[in-house]
Amino acid sequence: MVPEMSERQVFQASELTYLLENCSSSYDYAENESDSCCASPPCPQDISLNFDRAFLPALYGLLFLLGLLGNGAVAAVLCSQRAARTSTDTFLLHLAVADMLLVLTLPLWRVDTAVQWVFGSGLCKVAGALFNINFYAGALLLACISFDRYLSIVHATQPYRRGPPARVTLTCVVVWGLCLFFAIPDFIFLSANRDERLNAMHCRYNFPQVGRTALRGLQLVAGFLLPLLVMAYCYARILAVLLVSRGQRRQRRMRLVVVVVVAFALCWTPYHLVVLVDTLMDLGALDRNCGRESRVDVAKSVTSGLGYMHCCLNPLLYAFVGVKFRERMWMLLLRLGCPDHRGHQRHPTLSRRESSWSETPSTPR
């Protein structure tokens, strides 16, 4: 998965020459990799391209700023509290890094969408792989956080505290390794190519339809369904425990639990549904026509933008909602020399093993 405009198939000059010389019938854009001439000419992309150029550059610029600032703040707070960092905090730190690295690629895709790809094939492969690595890492780290909370609340166990401190780091290394493996197709098949219809260079995949379908299947399973199922199961069990709890603290924590799954599902479900429709059209299971293709292209742009917004929501959901994170943020600002406008002689102090996840305030000593 790379930003949607760059995922469209390249229409090479050699393909155009072959079609003009060998096809008496018209050409089916959905099957441009096949050796046969097909039933319909390539559809005009004016509507979707104009929409992309008006909508995506502004969105990518906004997400770049918000994602960098929000996740940078999370990373700064968690790094400043290394001695008090819990396993959940370590996962949150890796999640913030993944989201920051993802949004750092958005300026490149902004140029690709607004003008053309001017950075060469090497940077095309690196940017696409970096984008995908952090796309998968964000989803899988959310699943790790869910499982960690599940063990802590439902089974009252802290698996990462009983073993060596490196155990949680090893889990994160495994996650990053899997994501790097999933990004291998980007290093192989992404390149800067000239689209003769658009008369512009773009960073796009070059592989047959079966490869495109397989890659989309991997994205759907590893980047969405599997993490969502893990989160749904873990948080369903957590909710069952919290609902029978009479403590006000646990009832407050339940709100955050619900928001976590709902936000992930709302941000990414529309995109994967649209991609599923597009894939079914590619496979011939749904009829393809120019009007439907144009609507699907626009829908992919809108829903992919909604998905990328999840990178900006993570700091809000996992940190800024938490009272303890705000306390840690305030303590960091005080150490950096910011004036204290709260009028308190004493500032809240956190337990050395309290997670930034918590919604409940700590008690001043």
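Just so it is clear, glycine is given a Cβ too, placed from its N, Cα and C backbone atoms.
According to the topological domain annotation in Swiss-Prot, V115 and K324 sit on opposite sides of the membrane. Per Swiss-Prot, C124 makes its disulfide bond with C203 among C79, C172, C179, C203.
Taking the Cβ of C124 (disulfide bond) as reference, residues of its chain lying under 8 Å away and at least six apart in sequence are, in sequence order, W117, L190, S191, A192, C203. Beyond the transmembrane segment (89-109), the same-chain residues lying 6 or more positions past its ends with a Cβ under 8 Å from any Cβ of the stretch are 2-3, 5-6, 56, 60-61, 63-64, 67-68, 71-72, 74-75, 78-79, 81, 119, 123, 127, 130-131, 133-135, 137-138, 141-142, 144-145, 148, 160, 168-169, 172, 175-176, 308, 311-312, 314-315, 318-319, 355-357. All protein chains considered, the CB of C203 (disulfide bond) has 29 other CB atoms within 10 Å. Across the range of the topological domain 'Cytoplasmic' (79-88), the DSSP-based residue counts are 7 helix, 0 strand, 3 coil.
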